[in-house]
Amino acid sequence: MKYRDLRDFISKLEADGELRRVDVEVDPRLEMTEVCDRTLRAEGPAILFQKPKGYRMPVLGNLFGTPRRVALGMGAEDVSALREIGELLAFLRQPEPPKGLRDAWSQLPVFRKVLDMGPKKVRRAACQEVVVEGDDVDLGRLPVQTCWPGDAGPLITWALVVTRGPEKERQNLGIYRNQVIGRNRTIMRWLAHRGGALDFRDWQRERPGEPFPVAIALGADPATILGAVTPVPDSLSEYGFAGLLRGSKTELVKCLGPDLQVPASAEIVLEGHIHPDDTAPEGPFGDHTGYYNEVDHFPVFTVDRITHRRDPIYHSTYTGRPPDEPAILGVALNEVFVPILRKQFPEISDFYLPPEGCSYRMAVVTMKKQYPGHAKRVMLGVWSFLRQFMYTKFVIVTDDDVNARDWKDVIWAMTTRMDPKRDTVMIDNTPIDYLDFASPVSGLGSKIGFDATHKWPGETDREWGRPIVMDDETRARVDALWPKLGLD
């Protein structure tokens, strides 16, 4: 099923029993986090808080709190169907030349579908039904959550940030948290390698001293939100990918101020600018690591205008020790990653990002090993192939007789197939998540790979062990005998 906007998705979830409305007063300060955290850990529904304490605007929480709801948001019925989305993205990243005329004709519908999904510009939009400008702008009217007791203040978490570098036609969409520090000011926390930060850097180089236009969409349709966190190939915009997921073009409307296009169906849009010289200390905030992050300086976003729908809904979340919503998103998007990796490395059988590893800090890869040193090639490939794995600190590679998603299997392989000196690869001075306080330098640290595969001649001089497996005849006899044993 496809969803026109966030409200359409809410209606679908409610009809399926996947969303509950809460009419009891709940405080956006701390209480909503505790309610959502307990609900997520119980694999419970999305929550629409209809009476946030001190506010008239309802708050939507725990929207992507189960892998199935992530799949539904991407237009699929279950998580397994996300492999098809990954296969499409893998094809678009590296389309193979047609093998003949018939093959060329068979590929034509795919390219036509992609070309037809460019965004559609509209003049009027629901997100601009109400306009608030100048001195009337007050972020304090939004029920922004303060998530944890040690947080520096309210934090906008599902901010879909829209930017464009100088002389660029294509806009960048990224989700960057924003700390509210005043009536019309937030701190934009984007890391140096992210698209928004790169656009800002280019702007400063080309137009020094000039304010950088920025817009933030809150409460976009699920396809647009999820398109911003999916590994979309450079040849396809996030808006175009959202159109593919939705099955219809993403409708965009020009901001009333900056020359930027925002999702027409968004609940709320913040329009404004960042001045190159305006920064402020951001944090601390409880993060997906389970710890409070360090305080660091980031640009200040000044909000010049707020536009929104009539009776808008504020979409929010929290981050904390896994499982949290980012971890659940990681579990679902894992299925998108697998076909993309297999396209580049056909020997890969499965790929798994354990949610306990903060969504991306550890990866387990199973493969069909074909030659000595093969596992090391694969682990180096994982680190370098997709931007999403730039911060993956630990990569475990093992044979395809191991279940990558079963820790008992993985630990067995590591403890029986590895020599710590021979089978580890350590790389120093690599990019590391700024939130990773374990690294010796902020943003720079090491990575380690574990080769837990069977060793081939050339990797060892010893006779390799043979796994213990019961023969099929005995298993069949015991299967027939089992009901008579009274052991169930």
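Cβ atoms are placed via backbone N, Cα and C, with glycine included.
The Mn(2+) binding site annotation in Swiss-Prot covers Asn172, Glu238, and the record cites sequence analysis as its basis. Annotation source Swiss-Prot lists prenylated FMN binding site at Ile175, Tyr176, Arg177, Arg189, Trp190, Leu191, Arg194, Gly195, citing sequence analysis. What Swiss-Prot lists as active site, proton donor is Asp287.
Listed in chain order, the residues near the prenylated FMN site other than Ile175, Tyr176, Arg177, Arg189, Trp190, Leu191, Arg194, Gly195 are Val161, Gly174, Met188, Gly196, Ala197, each with its Cβ within 8 Å of the site Cβ centroid. Between the CA atoms of Tyr176 (prenylated FMN binding site) and Glu238 (Mn(2+) binding site) there is a gap of 15 Å. In sequence order, Gly174, Tyr176 make up the list of same-chain residues 6 or more apart from Arg194 (prenylated FMN binding site) whose Cβ falls under 8 Å from its Cβ.
Arg189 (prenylated FMN binding site) sits 13 Å from Asp287 (active site, proton donor), taking the CA atoms of both as reference points.
Around the Cβ of the residue listed as 'active site, proton donor', a 10 Å sphere holds 22 further Cβ atoms from the protein chains shown. DSSP assigns Arg177 (prenylated FMN binding site) to coil, not to a helix or a strand. Secondary structure at Asp287 (active site, proton donor), taken from DSSP and collapsed to helix, strand or coil, is coil. The local packing around Asn172 (Mn(2+) binding site), expressed as other Cβ atoms within 10 Å of its Cβ over all shown chains, amounts to 19.
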